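Notes to accompany the following structure.
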Amino acid sequence: MLRTVILGTGSYSPSRVLTNSDLEKMVATSGPWIVSRTGIEERRVAAPEESTATMAAAAARNALALAGVDPLEIDMIILGTVTGDAMTPASAAYVQAAIGAANAFAFDVSAACAGSLYALSIADQFLQSGKIRRALVIGAETLSRVTDWTNRETCVLFGDGAGAMVLGRGEEEGRGLLATSLRTDGSLTGILGIPRPSAGAEGVLEGGKIKMKGREVYKFATRVLPEIVGEALAQAGVSPSEIDHVIAHQANARIIESVLANLGVPVEKCWMNIARFGNTSSASLPITLDEANRAGRLKKGDVIAMMAIGAGMTWGGAVMRW
Ligand code: ACO
């Protein structure tokens, strides 16, 4: 069976760096507290002229260049984001125009930090059905614009950026995406989200910023992520000991370490960049994949396990042979 393969990866990070010491001047926090609880040392913040769509387009161009694929060959663009440039149209439409992918239909997926994994799974279905030949999957966020910079419980966690992958049908048996597994628990919408802004008491605009019950998110994530990766591994017929690399949504270093320990996978197998970027939601998984790819870590035939979790709660796992 010929499976979906990743032909190229790309990413984009804004140049402005916000360090933990910068945050110490903004809220009552400390660098050591942030590092010990999350693993984050700094994060990137988009410039005023940058947006989710401009960063997504930059990441997409990098991925297309690496894949050697012309934008006109792309049949579908799916962008995972919760911080689109407009309520409508989809930011994927801005990306389509910006990169000149005139033959692609394009839409956004709202699945929070699991957005790019959901998008990967959707694209896989279109590719496997033969309906399309090439897809562009992107995750991009400008979380800095929905962060409450006065709330120390959330503002230390998030960052901006974009990651992308170009997908196609493989030409070799056994290589490519072996399994994806997705889940949602809508009874947990209250533990993490960004309520729409609305006029509150005295007409002051309220909402529109990230709200999170951190402890509950932490407990839930550390419970369900090993299960979903286990499920994807079972579907793929691969055992945890065969995993060569873990590409994980970078939510929190402690969450990732706990999941790896649970799966019995050594931490060295997981590409970590949370120290430099913080949690970039749907962007984080494709940025991480792009870094590992460009560093030459991923060798032909390697088994890669992916995992992500986000507001919804939404979560997923995937297994591929590079
Ligand atoms: N600096 C200093 N102190 C802080 C900060 C901060 N930035 N934030 C909270 N505190 C304080 C709290 O007020 C509390 O003080 P108290 O004991 O006087 O009440 C104390 O630190 C402990 O707070 P907790 O919330 O219990 O700290 P915890 O160890 O749970 O760590 C954290 C908080 C890092 C948010 C953790 O719960 C976590 O990682 N949760 C997962 C959330 C997550 O990863 N979200 C990412 C987005 S969701 C996603 O991507 C899936």
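Every residue gets a Cβ built from N, Cα and C, even glycine.
The following features are taken from TrEMBL:
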ACT_SITE  C113  active site
ACT_SITE  H249  active site
ACT_SITE  N279  active site
DOMAIN    107-186  domain 'Beta-ketoacyl-[acyl-carrier-protein] synthase III N-terminal'
DOMAIN    233-322  domain 'Beta-ketoacyl-[acyl-carrier-protein] synthase III C-terminal'
REGION    250-254  region 'ACP-binding'
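Here the features listed in TrEMBL are placed on the structure.
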residue : record      : DSSP (3 states)
C113    : active site : helix
H249    : active site : coil
N279    : active site : strand
For H249 (active site): intrachain residues, at least 6 apart, with Cβ closer than 8 Å: C113, A114, L117, N279, S281, S284, L285, T288, M307, A308, I309, G310
The domain 'Beta-ketoacyl-[acyl-carrier-protein] synthase III N-terminal' (107-186): DSSP-derived helix, strand, coil residue counts: 27 helix, 32 strand, 21 coil
Residue, out of the active-site residues C113, N279, whose Cβ gathers the largest set of other Cβ atoms within 10 Å: C113
